[in-house]
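To start, the structure itself, in structure tokens.
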């Protein structure tokens with residue numbers, strides 16, 4: 001018996017002859033698919049998949065979720081959601097792309113009625129790609145700013161205001177009556193700073209860390225709201241341009257070039273995390289930070305809370321990058337008989353273990369920061385931007401040789417972001433490749449660079465003084481419900497309507513129910529986006545809804561178009577659109593042979609026969 005290989009789970013239909021072309025400079029002589037090309041080595045694919053799945057969220061979100069949801073106890077729902085939800089859907093997308101050798105839009109030949117789902121995936125990837133490279137630009141800026149003898153955010157400098165302090169600030173207090181009388185008589189408050197507070201009458205407020213004010217006042221030059229666009233922050237714009245140049249250079253030959261770059265960008269973050277962990281473990285207070293993360297602070301009673309399970313499922317879902325289209329796109333360049341089942345297991349486990357490992361490196365340093373500042377770990381731990389650009393830089397500034405550690409950390413963030421960005425752009429170019437193959441043969445480099453240029457121009461709004469509000473807005477709307485909707489319809493379409501013989505069907509049914517629950521939960525718990533305590537204007541919220549509607553509206557639009565193009569009455573049209581297209585199946589002619597002859601629909605495309613439904617409810 002043949003070992004399990006993912007292509008055997010899908011039915012084929014029709015024939016489509018593929019010829020080799022010498023025009024494809026991105027195709028190697030030994031590639032199985034001379035039309036689209038294949039990965040040069042299996043390791044190219046695996047590292048690209050690991051780089052795509054392992055991103056910034058593994059470093060700046062998972063450790064905080066673990067700490068906030070019961071410490072080590074959180075790993076229980078996390079592992080369960082990996083087994084029941086993450087791995088099956090990850091494997092489904094990998095096998096789907098590999099079987100058909102098509103990207104996230106064209107692969108819906110399997111179910112034409114749902115082709116809009118693929119368009120939704122690509123559009124959401126485009127929106128996320130715009131702001132994700134802005135985050136990479138932030139990392140570049142901080143990395144360059146770290147090449148100094150002393151980190152610029154180590155102390156309150158010329159850019160700071162009176163609230164800049166690592167210790168609490170006295171805002172007001174009671175002073176002696178005599179001093180008050182003197183001031184009132186003289187009508188002068190010039191000596192107010194010399195007044196003496198009565199014992200116990202001081203009122204304190206937390207000061208703003210130098211790293212926090214540096215982030216807001218220098219790096220971002222942040223305005224007071226989304227309404228105040230301000231001007232383009234020129235050095236962030238240059239960093240954004242550099243980020244896009246790096247992405248374009250890495251992808252100019254498609255997977256043939258990006259598959260080599262990932263040997264550095266996918267492996268280097270692990271080296272840095274290991275170095276940071278070793279350095280952090282030697283610092284005072286590190287054990288306290290780690291105990292808060294996963295040790296003595298484990299709280300198993302947290303498992304009784306629905307919010308913990310929702311967080312575990314959501315983290316698995318987004319961390320593995322399912323329903324974004326990238327997994328289908330990258331897997332479409334595999335050789336037909338590649339064992340992508342084992343690949344899915346390797347990548348999923350690597351991704352999850354990386355998240356856990358990163359938490360130790362992060363919390364060991366935060367534990368030291370809490371120790372030297374005399375605070376509890378809970379008072380210094382942050383998530384997201386606050387962790388990456390405020391809390392962790394603040395901790396690094398206290399270390400001997402701080403510039404070195406800062407350069408290392410932000411270079412790690414850079415490589416983590418670039419891997420994910422490579423796959424996102426490859427998702428876009430793969431879609432173009434499938435729709436316009438002849439054009440891509442001749443103009444792959446100009447098209448790839450053109451995509452990068454357009455996305456750079458669209459991202460300029462994110463490097464204005466109100467840029468961080470735009471980044472947060474796109475993340476709040478586009479990286480949430482749209483992906484959940486796409487995932488739900490993907491499962492319904494492939495498992496319930498198409499009905500392939502899939503080994504993990506029961507698990508996917510569970511996933512479908514849970515994904516729906518997350519979507520409903522997210523809608524019920526919806527809150528208007530806020531950044532740094534500043535609410536968004538009504539037009540900003542409306543714009544966010546418009547972005548997500550623009551992404552998902554193509555699902556019903558494409559369904560209507562396919563139904564109109566079909567023949568027969570309305571019921572027959574819908575049923576015919578729920579069957580694979582005549583050109584669905586393995587990309588290459590030789591893979592449509594003996595092994596799949598029982599799975600090939602004998603109906604010819606020229607017959608125009610309308611499918612019917614039997615009494616048992618099965619398509620005939």
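Just so you know, the numbers here start at 1 and follow the chain as drawn.
Keep in mind that glycine also has a Cβ here, set from the backbone N, Cα and C atoms.
Feature annotation (TrEMBL): of 323-344, 345-366, 367-388, 565-586, the stretch labelled transmembrane segment is 345-366. TrEMBL assigns the feature transmembrane segment to one of the listed ranges (539-564, 591-616), namely 539-564. Listed ranges 232-252, 295-315; the one TrEMBL annotates as transmembrane segment is 232-252.
Same-chain neighbours of the Na(+) site beyond 51, 53, 54, 58, 319, 351, 416, 419, 420, judged by a C-beta within 8 angstroms of the site's C-beta center, are, in sequence order, 50, 52, 55, 57, 321, 354. The binding-site residues listed here are 319, 420; among them, 420 has the most other Cβ atoms within 10 Å of its own Cβ. Within the same chain, the residues at least 6 positions away from residue 51 (Na(+) binding site) whose Cβ sits under 8 Å from its Cβ are 262, 265, 266, 418, 419, 420, 422, 423, listed in sequence order.
Counting only same-chain residues six or more apart in sequence, the Cβ atoms lying under 8 angstroms from the Cβ of residue 156 (disulfide bond) belong to 164, 165, 210, 213.
With a 10 A radius on its CB, residue 54 (Na(+) binding site) counts 27 other CB atoms from all the protein chains. Counting other C-beta atoms within 10 Å of each candidate's C-beta, the recorded positions 164, 416 are led by 416. Proximity of distant same-chain residues to the transmembrane segment (232-252), defined by a Cβ-Cβ separation under 8 Å and at least 6 residues beyond the stretch ends, is recorded for 133-134, 136-138, 140-141, 144, 219-221, 258, 261, 418, 421-422, 425-426, 429, 444-445, 448-449, 452-453, 455-456, 459-460, 462-465, 467. Simply put, out of 74-92, 113-144, 480-499, 113-144 has the most Cβ pairs sitting under 8 Å from the transmembrane segment (402-424).
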